[in-house]
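Everything on this sheet refers to the single structure shown next.
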Amino acid sequence: MSNVRVSNGSPSLERMDARQAEHPKPSACRNLFGPVDHEELTRDLEKHCRDMEEASQRKWNFDFQNHKPLEGKYEWQEVEKGSLPEFYYRPPRPPKGACKVPAQESQDVSGSRPAAPLIGAPANSEDTHLVDPKTDPSDSQTGLAEQCAGIRKRPATDDSSTQNKRANRTEENVSDGSPNAGSVEQTPKKPGLRRRQT
């Protein structure tokens, strides 16, 4: 440290150490509007939620809390599940980070073992409305993580002769006496007509 030079414009190291000890720098995360009253915040949120619920109840004459229709301008009717479009009762999409298990294949992409069904996905599409939404999310997350570990995005090909999109061959390789030298087509190049710009 004896070779370190401090410029005249900067404060000396002793002064900086003393300043830091006397007045610690306040944290960057400051409360600009005073302390937060959590009870008041909770009351305001509950009041806002009640107001929204009452407004939607008046608008749609439906009690969303008890799942019952109310008297009003709309007439609610109970319908059979089969008469509804499929997107009303199909299972929800898995989260973006979750892996996808192919539905029509009975084995995984490497062909070694049967693919396990998705955690939380119902076995029968008819029973999707009966799925218990109170499953433990930590269990399903670990199950998905274990499931996704061995599955590849792109399946392994059995054909060992993979071909590049563009054949990167030079004229020397084409003029070789190799048996597959003429099998790759080459795009003819335009003769170079370059003009000088002045």
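Using the three backbone atoms N, Cα and C, a Cβ is placed for every residue, glycine included.
Per Swiss-Prot, the feature region 'Disordered' maps to 1-34 (among others).
Sequence annotations record features per position, and here Swiss-Prot assigns compositional bias 'Polar residues' to 1-11 (among others).
Sequence annotations record features per position, and here Swiss-Prot assigns phosphoserine to Ser10 based on experimental evidence.
Here Swiss-Prot flags 14-25 (among others) as compositional bias 'Basic and acidic residues'.
Residues annotated as region 'Interaction with CDK2' in Swiss-Prot, with experimental evidence given as evidence: 51-91.
Taking a C-beta cut-off of under 8 Å and a sequence gap of six or more, Tyr74 (phosphotyrosine) has these contacts in its own chain: Trp60, Asn61, Phe62. The phosphotyrosine annotation in Swiss-Prot covers Tyr74 (among others).
Here Swiss-Prot flags 85-198 (among others) as region 'Disordered'.
Around the Cβ of Tyr88 (phosphotyrosine), 9 further Cβ atoms fall within 10 Å across all displayed protein chains. Annotation source Swiss-Prot lists phosphotyrosine at Tyr88 (among others), citing experimental evidence.
The phosphotyrosine annotation in Swiss-Prot covers Tyr89 (among others) and rests on experimental evidence.
Look at Swiss-Prot and you will find 126-137 (among others) tagged as compositional bias 'Basic and acidic residues'.
Feature annotation from Swiss-Prot assigns motif 'Nuclear localization signal' to 153-169.
The phosphothreonine annotation in Swiss-Prot covers Thr157 (among others) and rests on experimental evidence.
Summarising the annotation, Swiss-Prot assigns phosphothreonine to Thr170 (among others).
Swiss-Prot lists 175-186 (among others) with the feature compositional bias 'Polar residues'.
Close to Thr187 (phosphothreonine) in the fold, though at least 6 residues off in sequence, lies no residue with a CB less than 8 Å from its CB. Annotated phosphothreonine per Swiss-Prot: Thr187 (among others), in sequence order.
The phosphothreonine annotation in Swiss-Prot covers Thr198 (among others), and the record cites experimental evidence as its basis.
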When you measure from the Cβ of Tyr89 (phosphotyrosine), how many other Cβ atoms are you left with inside 10 Å?
14
Roughly where does the region 'Interaction with CDK2' (51-91) sit in mean pLDDT, to the nearest integer?
90
